[in-house]
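Here's the structure we're looking at; comments come further down.
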Amino acid sequence: MESKALLVLTLAVWLQSLTASRGGVAAADQRRDFIDIESKFALRTPEDTAEDTCHLIPGVAESVATCHFNHSSKTFMVIHGWTVTGMYESWVPKLVAALYKREPDSNVIVVDWLSRAQEHYPVSAGYTKLVGQDVARFINWMEEEFNYPLDNVHLLGYSLGAHAAGIAGSLTNKKVNRITGLDPAGPNFEYAEAPSRLSPDDADFVDVLHTFTRGSPGRSIGIQKPVGHVDIYPNGGTFQPGCNIGEAIRVIAERGLGDVDQLVKCSHERSIHLFIDSLLNEENPSKAYRCSSKEAFEKGLCLSCRKNRCNNLGYEINKVRAKRSSKMYLKTRSQMPYKVFHYQVKIHFSGTESETHTNQAFEISLYGTVAESENIPFTLPEVSTNKTYSFLIYTEVDIGELLMLKLKWKSDSYFSWSDWWSSPGFAIQKIRVKAGETQKKVIFCSREKVSHLQKGKAPAVFVKCHDKSLNKKSG
């Protein structure tokens with residue numbers, strides 16, 4: 001009996017060692033399957049948003065446990081862009097911190113492809129395919145090894161990183177939930193086919209912020225054409241307030257892209273800071289409006305929210321998937337918080353004599369129940385007798401419900417003999433205003449039935465009309 005028991009025990013030990021050996025071989029084989037992946041996947045923590053202290057290693061299941069990956073929460077993967085220094089830029093920990101503040105239980109992974117991103121731009125642009133493949137293989141491994149749902153994955157790519165995110169999304173076994181493109185790079189991608197860049201097919205939902213599209217197509221820092229389900233162009237997308245456009249253009253013209261790193265950061269990186277703003281100021285999201293062109297938007301013709309014509313910028317965007325990409329526009333402040341309040345103003349200029357003036361400067365002041373915004377400048381390319389003009393203005397503060405406005409026609413900066421002999425003027429009876437954020441329409445009437453607006457003279461005053469049927473909420 002003792003010999004039999006010894007035999008059984010020996011056999012059990014042998015089988016256990018054989019199983020362990022095979023398991024070790026299988027684990028080694030799995031590691032070998034991913035040995036060619038050069039990108040690194042650092043799971044940062046809320047306590048240390050600036051350092052890559054723990055890496056998730058494809059093929060090494062133990063690394064996922066070691067890094068305390070939360071399998072029941074959503075995962076953000078941050079993919080940086082081209083770098084001159086070969087180091088992370090200052091926005092990376094800021095975005096990581098904002099993501100954790102908004103989603104404390106989430107996983108925030110920073111994808112490190114710095115060794116490839118510091119090459120000459122065309123070389124790094126070509127590497128986005130390899131980076132995209134690395135990211136896709138990592139995501140597929142997480143799904144296959146741990147049954148992690150791709151519906152919990154949100155990729156955020158900046159500049160070249162946006163295209164790497166798109167390529168990754170096109171190669172995953174199932175679609176990831178969302179890709180956010182933060183001013184996707186333009187050179188080498190403006191005319192590229194969809195498989196080689198970010199496109200709407202790369203995720204269940206793709207939203208894009210375009211913040212530095214100034215220049216001819218293919219030469220602008222950020223891509224100009226829409227590449228998502230919703231493409232938002234803050235301030236027209238060409239350049240951002242608070243950034244020195246003249247200096248950036250001069251340096252690009254004189255030295256090319258190589259020395260422009262610091263200058264392009266302002267508008268290019270504004271896409272990141274707008275998204276960070278949406279994470280930190282969730283109760284006051286910036287509103288963007290669908291429009292056929294930035295010119296139409298500047299006329300105030302697009303402040304409608306009917307049938308998904310407006311949307312939130314950033315994290316709280318409504319996932320609208322139209323057949324065609326939706327181009328949306330908004331104005332912003334020059335610093336965080338970036339939210340402004342949009343208004344369409346419509347004025348009919350009347351008169352007994354035919355007059356036409358070009359490039360005329362005006363100021364409008366709005367007074368509301370909460371605050372006021374005075375002397376907002378705007379220019380009308382043309383003002384003619386008996387014509388109605390629509391234009392967009394915005395305020396940096398919430399003035400509440402509109403009560404009164406003042407309109408001033410400014411003098412020319414140069415001396416005009418015709419203005420010296422006689423002051424041009426128009427008769428204005430009503431001014432119509434629509435608030436984009438509240439969708440409320442208000443009609444203002446002259447205090448004296450008709451106001452006579454004269455160039456260089458005192459402003460005309462208009463108060464909210466008493467007829468309630470004139471003032472209503474609109475979509």
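Any Cβ shown, glycine's included, is placed from N, Cα and C.
Copied from Swiss-Prot, the annotated features are:
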type: ACT_SITE; residues: SER159; note: active site, nucleophile
type: ACT_SITE; residues: ASP183; note: active site, charge relay system
type: ACT_SITE; residues: HIS268; note: active site, charge relay system
type: BINDING; residues: ALA194, ARG197, SER199, ASP202; note: Ca(2+) binding site
type: DISULFID; residues: CYS54-CYS67; note: disulfide bond
type: DISULFID; residues: CYS243-CYS266; note: disulfide bond
type: DISULFID; residues: CYS291-CYS310; note: disulfide bond
type: DISULFID; residues: CYS302-CYS305; note: disulfide bond
type: DISULFID; residues: CYS445-CYS465; note: disulfide bond
type: CARBOHYD; residues: ASN70; note: N-linked glycosylation site
type: CARBOHYD; residues: ASN386; note: N-linked glycosylation site
type: MOD_RES; residues: TYR121; note: 3'-nitrotyrosine
type: MOD_RES; residues: TYR191; note: 3'-nitrotyrosine
type: MOD_RES; residues: TYR343; note: 3'-nitrotyrosine
type: REGION; residues: 32-53; note: region 'Interaction with GPIHBP1'
type: REGION; residues: 243-266; note: region 'Essential for determining substrate specificity'
type: REGION; residues: 417-421; note: region 'Important for interaction with lipoprotein particles'
type: REGION; residues: 430-434; note: region 'Important for heparin binding'
type: REGION; residues: 443-467; note: region 'Interaction with GPIHBP1'
type: SIGNAL; residues: 1-27; note: signal peptide
Residues within 8 Å of the ALA194, ARG197, SER199, ASP202 Cβ centre (excluding the Ca(2+) site residues themselves): HIS163, GLY166, ILE167, SER170, PRO195, SER196, LEU198, PRO200, ASP201, VAL227
Secondary structure of CYS266 (disulfide bond) (DSSP, helix/strand/coil): helix
Which same-chain residues, if any, lie at least 6 apart from CYS302 (disulfide bond) yet have Cβ under 8 Å of it: TYR289, ARG290, CYS291, SER292, ALA296, ARG309, TYR329
Which same-chain residues, if any, lie at least 6 apart from CYS54 (disulfide bond) yet have Cβ under 8 Å of it: ALA42, LEU43, THR45, SER63, THR66, CYS67, HIS68
Positions on the same chain near the region 'Interaction with GPIHBP1' (32-53), where near means CB under 8 A and six or more residues out: 59, 67-69, 77, 92-94, 96-97, 100-101, 104, 107-113, 115-116, 130-131, 134-135, 137-138, 141
Remote residues contacting the region 'Important for heparin binding' (430-434) - C-beta distance under 8 A, at least 6 residues beyond either end: 300, 303, 343-348, 402, 405, 407, 440-446, 462, 465, 474
Neighbourhood of CYS243 (disulfide bond) by C-beta distance under 8 A, where only residues 6 or more apart in the same chain count: CYS266, SER267, ARG270
Structural state census, the region 'Interaction with GPIHBP1' (32-53) (DSSP three-state): 2 helix, 5 strand, 15 coil
